[in-house]
Amino acid sequence: MAVKSAVGVDQSLLHTNITIIIKECAQFPYQVNSPGMWQNFRSGTMSTFSLPTLEMQLVLIFAITQASYRIFKPMGVPPFASQLITGMILSPSLLGRFTIFKDLFTIRSQEVIGMLACFGHILFLFLSAVKMDIGNIKKMGKKALYTGIASVMAPMLIGSLLQKNFAKSWLNNEERLNFSFLFTIHSLTSFPVVVYLLEHQKMLNSELGQLGLSSALVSDFSSLILMFMGTFTKLGKVKGTMYAIKDAGANILFLLVVVFAFRPAMFWIVRQTPEGKPVKNIYIYIIIVVMLFSGVFTFAYGMSLLFGPFVVGLAIPYGLPLGPIMIKKLNSFTHNMFHPLFVTTCAMRTDLFLLNFKGRVMLYNAILISATFLGKMLGSLVPLLCCKMPFSDALAIALIMSFKGAVHLSFYTLLGFYPTEALRDQYLSLECVVMLLNGIIVPILVKLLYDPSRKYAGYQKRNILDCRSNQELRVLVCIRRSSNLNAVIRLLEAASSSPARARLAIFVLHLIKLAEEASRPVFISHQMHKKIPFTNSYSEIVIKAFSHFKRDIQGAVSVNLFTVVSPSKVMAEDICTLALDKLASFIILPFHLKWSVDGCVASEDSTIQTLNRNVLELAPCSVGILVYRGHDYNLGPSSKLMLSSDLSTYSVAMIFLGGNDDREALSFAKRMSNNTKISLTVIHLVSPGSNELDHVTNLENVLDSKALKDVILNNVGDDQYVRYMEEIVQDGPQTTSMVCSMVDGYDLIIVGRRHKMKTPQTSGLAKLSKFPELGNIGDLLASSDLNTRTSVLVVQQQKMMI
């Protein structure tokens with residue numbers, strides 16, 4: 001039956017006095033599936049079937065989006081700009097003018113894709129709120145606090161001055177009222193938008209990125225309060241004071257229920273979830289239902305449909321296990337499917353032919369947009385420059401805070417704070433064009449201004465070689481699994497000496513993998529001198545192991561333990577940041593292979609291998625990769641940890657060929673020889689063609705000879721713990737044979753990575769290498785063909801900036 005139906009009408013228009021009637025023939029019940037694509041396409045009836053129409057719309061939208069993204073991606077422009085471009089291409093100003101596209105995007109078909117798009121944006125805001133750690137507000141630095149507040153207040157102040165001085169002569173009363181809310185939207189900085197930009201710029205874990213996140217968090221809460229007050233102020237003027245008070249009271253009651261009932265319930269779920277186990281699906285379903293109902297509630301009482309889900313998301317604890325599992329379950333199809341539809345469908349309302357600045361209202365809006373952008377830039381710059389931040393970094397932060405994204409687009413589209421409804425599409429067209437320029441230019445400038453890897457540059461020497469023998473050695477130890485503990489603790493005890501000699505400052509970083517979609521890491525500092533509540537602690541085993549270690553060493557070392565819960569793709573930056581902050585000279589990483597009792601490879605973790613390679617490239621100090629092939633002891637909470645203190649001696653060999661990495665490895669080996677339990681043997685592999693003249697004329701050989709000098713002299717006497725051996729090898733095969741014959745005679749072998757260095761002793765070994773992060777000799781010692789229990793430490797010296 002054909003009936004007349006008003007469809008595709010924005011809800012905000014239904015609350016005005018403007019009467020809009022759209023007449024279209026619609027058949028009830030709706031037809032979802034078509035009998036055949038080709039038959040209906042030829043007859044021109046394909047658009048009457050909702051599912052095939054939706055599928056063709058999705059194919060077209062994502063094809064154009066991906067094509068445009070491939071163009072802008074090398075410049076550092078995030079997909080948001082490509083999604084806007086897709087919407088503008090399909091808008092009435094371009095492809096939307098043609099009949100075939102009008103038939104594809106009919107008013108009735110827009111209901112389906114519009115519903116999916118709106119649902120995607122609700123999920124996007126909900127997940128963005130889950131990623132926000134509101135606990136960071138308590139420990140917010142003054143720099144972030146002042147920047148966040150100023151970035152909102154400065155454009156608000158400029159907008160207010162424009163309203164006071166120009167609006168009276170340019171606008172009528174209704175237009176001034178609506179513009180007072182419109183410049184509030186121009187002034188806000190959204191935390192989800194800043195996270196989105198920093199993620200695609202790979203700055204999320206950088207120092208500048210963390211400052212931007214903290215400032216955006218303050219700004220977002222300030223904007224939320226202003227929007228809350230502004231919404232009910234306008235509601236009071238439109239529908240009366242009592243109506244506004246009733247709706248405001250309902251929303252305040254909603255906030256109280258979320259804070260004092262829903263959030264404690266979330267912590268109860270966390271307590272009910274056993275450590276290491278996933279959250280029950282029934283809890284996830286309940287949370288999603290509450291989230292959807294909250295949007296209906298807040299919409300019914302005057303606020304936006306988006307407000308409720310955002311508040312519910314804030315109430316969910318960010319840390320393990322609840323926050324990450326919510327992100328993991330909902331993030332993929334939200335960010336890759338539904339939410340891009342929202343941006344594109346909003347941009348499809350753009351009509352470039354409507355843009356003209358002949359009228360005062362349109363010109364005033366353009367001036368207001370420019371003035372508030374300038375105010376936000378200045379408001380962000382001034383506090384940072386007063387804190388003596390470099391101008392380039394301060395400018396990068398100001399641009400980050402001025403970036404506009406999907407949250408701004410939703411406010412412009414859904415809230416409808418416009419002077420008149422007749423000019424709605426004209427203003428939306430202007431906003432979309434401005435956001436497109438902002439979405440392209442700002443990311444490019446940020447990428448040019450700041451390189452997050454620059455903070456790890458080695459301008460100061462932080463290595464073992466340049467650390468004096470009586471000076472404290474600061475070591476950062478990374479633990480990924482409990483199976484790494486025994487190897488690391490045996491190495492650290494071997495490297496520690498008596499208190500009278502150089503101390504060992506150990507910083508232990510327990511790495512816990514977080515969902516890749518999560519926005520920012522959780523960093524925990526454990527106080528070793530306080531009683532540790534072991535129950536429900538993800539780092540319980542690590543804390544207990546190093547507590548026993550520190551007690552057994554009896555003051556020869558200092559131990560500080562940290563836990564970081566972050567996505568694997570940014571763990572390398574977490575490690576380098578902590579190493580830089582603690583002035584570490586040496587980072588110890590676990591190898592990605594684990595051996596079984598019979599000598600076979602038991603498991604392989606490619607994420608650890610990628611992590612090691614990234615740290616080798618970024619590290620601000622020297623790095624060591626520890627390959628452990630010994631037995632793994634039971635390190636459960638109730639078990640006794642077996643340390644190397646149970647052993648009488650620990651036999652160590654250092655294979656020396658020459659170069660920076662070998663000299664660094666030798667320096668660490670010589671420090672280990674201060675321990676009376678250590679028996680150190682330095683094996684120097686030399687080629688038959690080397691002579692004394694080469695050692696005098698070649699700078700590298702001079703440095704090698706200087707490093708070996710005290711080792712050779714240490715060989716004199718019967719009570720020395722250091723032995724020097726010199727072996728002549730011609731090529732790689734002979735080196736392989738020699739190394740394989742000696743490997744079982746030692747508990748630990750230390751080698752330099754010697755990356756990209758070519759010598760006769762290692763000729764031909766590079767072609768057979770499986771693990772380039774270990775170098776030629778390290779790869780040989782870690783080979784699965786070598787059945788041994790000997791551990792290997794591969795050392796790379798700090799990379800200095802030239």
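Cβ coordinates come from backbone N, Cα and C, glycine included.
Listed in TrEMBL:
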DOMAIN    67-446  domain 'Cation/H+ exchanger transmembrane'
TRANSMEM  81-100  transmembrane segment
TRANSMEM  112-132  transmembrane segment
TRANSMEM  144-162  transmembrane segment
TRANSMEM  177-198  transmembrane segment
TRANSMEM  210-232  transmembrane segment
TRANSMEM  252-270  transmembrane segment
TRANSMEM  282-301  transmembrane segment
TRANSMEM  307-326  transmembrane segment
TRANSMEM  363-387  transmembrane segment
TRANSMEM  394-415  transmembrane segment
TRANSMEM  427-450  transmembrane segment
DOMAIN    501-631  domain 'Cation/H(+) antiporter central'
DOMAIN    650-798  domain 'Cation/H(+) antiporter C-terminal'
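Same-chain neighbours of the transmembrane segment (81-100): 60-61, 64-66, 68-69, 72, 340, 343-353, 432, 435-436, 439-440, 443, counting only residues six or more beyond its ends whose CB sits under 8 Å from a CB of the stretch. Across the range of the domain 'Cation/H(+) antiporter C-terminal' (650-798), the DSSP-based residue counts are 64 helix, 34 strand, 51 coil. The list of residues near the transmembrane segment (112-132) in space but at least 6 beyond its ends in sequence, with Cβ under 8 angstroms from a Cβ of it, reads 8, 50, 53-54, 57-58, 191-192, 195, 217, 220, 291-292, 295, 305-306, 309-314, 316, 318, 323, 326-327, 330-331, 334-335, 337-342, 344-346, 406-407, 410, 517-520.
By the Cβ criterion (under 8 Å, sequence separation of 6 or more), the transmembrane segment (177-198) is in contact with the transmembrane segment (363-387), since 3+ such pairs are found. The largest share of C-beta pairs under 8 angstroms with the transmembrane segment (210-232) comes from 144-162, of the ranges 144-162, 252-270, 282-301, 307-326, 363-387. The stretch from 282-301, 307-326, 363-387, 427-450 with the most CB pairs below 8 A to the transmembrane segment (394-415) is 427-450. No contact links the transmembrane segment (363-387) to the transmembrane segment (252-270), because fewer than 3 Cβ pairs that are 6 or more residues apart lie under 8 A. Using the rule of three or more Cβ pairs under 8 Å, pairs at least 6 apart in sequence, the transmembrane segment (252-270) is in contact with the transmembrane segment (282-301). In the predicted model, residues of the domain 'Cation/H(+) antiporter C-terminal' (650-798) average a pLDDT of 80.
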